[in-house]
Amino acid sequence: MARTKQTARKSTGGKAPRKQLASKAARKSAPVSGGVKKPHRYKPGTVALREIRRFQKSTELLIRKLPFQRLVREIAQDFKSDLRFQSSAIGALQEAVEAYLVSLFEDTNLCAIHAKRVTIQKKDIQLARRLRGERS
């Protein structure tokens, strides 16, 4: 809606303003406590929605590379010691893992919404995996 210039209008009567109670007047006239400004806080959910939009726009990896690499090497130790990995192999593993997790969380969110909830729970992940046929 376009902004329009507002002109002063003559009062046409109406109700007269009531007198303020003593406590209300005292509250309004009291000075601000030491001029300390409260830190700004967004409403619950605002930051979460902003993060969702930010991460949906981006294409970079969400898991840090070195911790992921350590995890892969730790898991590989159980199968064979002294395994060596090309950096491109670890990169491909990380891409695949993140794509799988994002897809799983999308399905999990749909399960939570189907149950008329907005919070995902363990049972939503279990249901999503069961529907995919990953776990009987």
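Glycine is no exception: its Cβ is also placed from the backbone N, Cα and C atoms.
The N6,N6-dimethyllysine annotation in Swiss-Prot covers LYS5, LYS15, LYS28, LYS37 (among others). Annotation source Swiss-Prot lists N6,N6,N6-trimethyllysine at LYS5, LYS28 (among others), citing similarity to another entry. Here Swiss-Prot flags LYS15, LYS24, LYS28, LYS65 (among others) as N6-acetyllysine. Residues or ranges marked as N6-methyllysine in Swiss-Prot (evidence: similarity to another entry): LYS19, LYS80 (among others). Residues or ranges marked as region 'Disordered' by Swiss-Prot: 1-42.
Feature map: annotations from Swiss-Prot on the structure.
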residue : record               : DSSP class
LYS5    : N6,N6-dimethyllysine : coil
LYS37   : N6,N6-dimethyllysine : coil
LYS65   : N6-acetyllysine      : helix
LYS80   : N6-methyllysine      : coil
Measure from the CA atom of LYS5 (N6,N6-dimethyllysine) to the CA atom of LYS37 (N6,N6-dimethyllysine) and give the result in Å, rounded to a whole number.
33
Report the member of LYS5, LYS80 (the modified residues) whose C-beta atom has the most other C-beta atoms within 10 angstroms.
LYS80
In sequence order, which residues at least six apart in the same chain have a CB under 8 Å from the CB of LYS65 (N6-acetyllysine)?
ILE90, GLN94
Quick one: Cα separation, LYS80 (N6-methyllysine) versus LYS5 (N6,N6-dimethyllysine), in Å?
77
